[in-house]
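Student: Can you keep this structure in mind? I'll have questions shortly.
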Amino acid sequence: TCEPDQFACGSGECFQQQWQCDGWNDCPDGADETGCSNSTYPPFTSPCEIIEVEMCQGLSYNLTSFPNIWLSIVDQREAATLLRQYRVLMELVCFRPLQRLVCGMFLPQCSPHGGVLQPCRSVCSSAEQQCSQALDLFFFSWPFNCHLLPDSQDPLECSEP
């Protein structure tokens with residue numbers, strides 16, 4: 001049962017009512033965006049595009065979509081520019097889990113149901129566990145709050161790049 005200021009997805013998950021008809025699929029089944037004829041936001045129709053950023057090729061997916069609403073990144077060119085600061089981290093032993101997380105955040109997986117998928121919380125936690133000490137050596141503080149990511153293994157809710 002959801003709170004009065006929430007709505008329920010078909011799967012039973014609860015989301016804030018302000019997220020209903022916002023042009024973004026919050027429910028895995030897209031129920032929050034159905035029947036939104038007088039929505040102030042257009043439906044999310046940004047097409048999937050092939051990942052062109054070299055550092056993020058070879059993940060478990062090769063399609064992303066922009067704009068990236070979580071990090072306010074307009075397109076792949078901007079993502080590539082922002083990712084340059086992470087290039088030095090390619091030398092780290094823990095680069096692979098860090099790459100999965102960073103690329104999943106900057107170039108999220110394009111969902112077949114519309115929209116994009118954030119990385120699963122487990123991807124973030126694993127990278128943090130394996131890399132936070134090494135990042136300290138480069139004076140990088142851990143840049144992500146893993147608790148904000150979906151705590152799921154469901155491929156309809158989040159991705160495991």
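Even glycines carry a Cβ here, placed using N, Cα and C.
All annotation found in TrEMBL is predicted automatically rather than curated by experts.
Relevant sequence annotations retrieved from TrEMBL are reproduced here:
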type	residues	note
DISULFID	Cys2-Cys14	disulfide bond
DISULFID	Cys9-Cys27	disulfide bond
DISULFID	Cys21-Cys36	disulfide bond
DOMAIN	43-161	domain 'FZ'
Student: Report the mean pLDDT of the predicted model across the domain 'FZ' (43-161), rounded to a whole number.
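Tutor: Averaged over the domain 'FZ' (43-161), the predicted model reaches a pLDDT of 87.
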Student: Between Cys14, Cys27, which of the disulfide-bonded residues has the fewest other CB atoms within 10 angstroms in the structure shown?
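Tutor: Taking Cys14, Cys27 as the disulfide-bonded residues, the minimal 10 Å Cβ count falls on Cys14.
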Student: In angstrom units, rounded to an integer, how far apart are the Cα atoms of Cys14 (disulfide bond) and Cys21 (disulfide bond)?
Tutor: 14
Student: Run through the domain 'FZ' (43-161) and tell me, per DSSP, how many residues are helix, strand and coil.
Tutor: 51 helix, 12 strand, 56 coil
Student: Give me the long-range Cβ neighbours of Cys9 (disulfide bond): same chain, 6+ apart, Cβ under 8 Å, in sequence order.
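Tutor: Non-local contacts for Cys9 (disulfide bond): Phe15, Asp26, Cys27, Pro28, Asp29, Ala31, Asp32.
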Student: Which secondary structure state does DSSP assign to Cys27 (disulfide bond), in the simple three-class scheme?
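Tutor: The three-state answer is coil.
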